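Have a look at the structure below before the remarks.
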Amino acid sequence: MKRKSAILVAAFLFFVGCNGDFSSSGNSNNNGEASAESLGNDTIDGGTALVLGGGGAWGAAHIGVIEVLLENEIHFDFITGTSAGAIAGAFLSDGYSPSELREEFTQIKLLDLARPSLQGIGFFRIDPVVEYLSERLNTDRLEHLQIPVVVTATDIETGELVYYDQGPTGLLLAASMALPVIFDPAEYDGRFLADGGIINNLPIDAAKAAGADRIIAVNVAGSFSDTGLPEGRVEYANRVYNIMRQAMYSTDGADVYIEPDLSGIAGIDFEAYDEMIKLGREAALAVLEELKEL
């Protein structure tokens with residue numbers, strides 16, 4: 001049981017932490033950069049984009065940022081997200097309040113989602129995650145969410161970064177956080193999809209592709225202060241994923257950039273949600289005047 005828990009904790013670092021053309025489901029390329037063409041969801045028509053990055057348990061900091069935005073009536077027209085950011089954005093767009101988001105993040109039961117993959121290529125099946133997310137959401141299609149959401153994922157066959165603004169909500173959110181090796185990839189529309197953070201952990205390019213005029217980017221994986229040799233496999237995995245996240249994002253194109261200082265909290269510390277939410281609030285309040293000027 002301890003080994004199973006350790007693997008699951010590592011797997012959810014991105015949970016709460018593409019050559020081709022645009023189609024009705026999304027855009028893909030193999031450089032982590034997006035085309036200027038519009039995505040398939042015609043409800044996305046420029047405006048202000050809220051970009052939410054991946055980051056495991058650190059994703060809880062998004063809730064604090066969202067609280068400040070809503071309290072100060074900072075408007076955004078659509079959301080792009082990777083992994084934990086995609087999940088936070090989709091739940092918000094589905095009608096969850098910040099307090100309900102907080103409750104949802106703290107109630108995730110990782111062991112309940114663990115189903116060994118006997119035929120797949122990961123330790124665990126992805127379908128229980130798909131089922132869990134689908135059950136928790138009221139909206140079964142991305143294009144039907146109250147606020148348009150663009151989700152990123154990685155095509156593991158081609159190495160392409162794929163953007164989706166249409167399709168099954170639970171499946172595409174699960175794909176966006178499906179850490180390779182730990183989870184089987186999610187299969188959709190002829191692709192085998194894994195964590196979008198492998199290529200781009202802060203999908204500003206997806207916002208540009210959707211025609212955003214203004215971009216608010218929230219990076220919850222920018223802090224890295226670990227030193228010394230990791231102790232144990234989980235800490236080792238956490239360190240590696242943190243290093244990956246540092247490399248896999250760019251802030252270019254963000255009109256307002258928000259980065260909560262989470263350096264004192266481990267990316268697998270699922271008991272520190274209140275502190276992370278507080279730090280998210282503080283980071284957003286620090287740039288509140290910039291936000292109001294958008």
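Positions of Cβ are set from backbone N, Cα and C atoms, glycine also.
Taken from TrEMBL, the feature signal peptide applies to 1-20.
Among the features that TrEMBL reports, domain 'PNPLA' is placed at 50-208.
What TrEMBL lists as motif 'GXGXXG' is 54-59.
Sequence-distant contacts of the motif 'GXSXG' (81-85) (same chain, six or more residues past either end, CB-CB distance under 8 Å): 14-17, 51-56, 58-59, 62, 149-152, 176-177, 195-197, 200-203, 218, 220. Among the features that TrEMBL reports, motif 'GXSXG' is placed at 81-85.
Under the three-state DSSP scheme, SER83 (active site, nucleophile) falls in the coil class. Annotation source TrEMBL lists active site, nucleophile at SER83.
In the structure as shown, the Cβ atom of ASP195 (active site, proton acceptor) sits within 10 Å of 30 other Cβ atoms. When secondary structure is read from DSSP and collapsed to three states, ASP195 (active site, proton acceptor) falls in the strand class. The active site, proton acceptor annotation in TrEMBL covers ASP195.
Remark: secondary structure over the motif 'GXGXXG' (54-59) totals 4 helix, 0 strand, 2 coil, with classes taken from DSSP.
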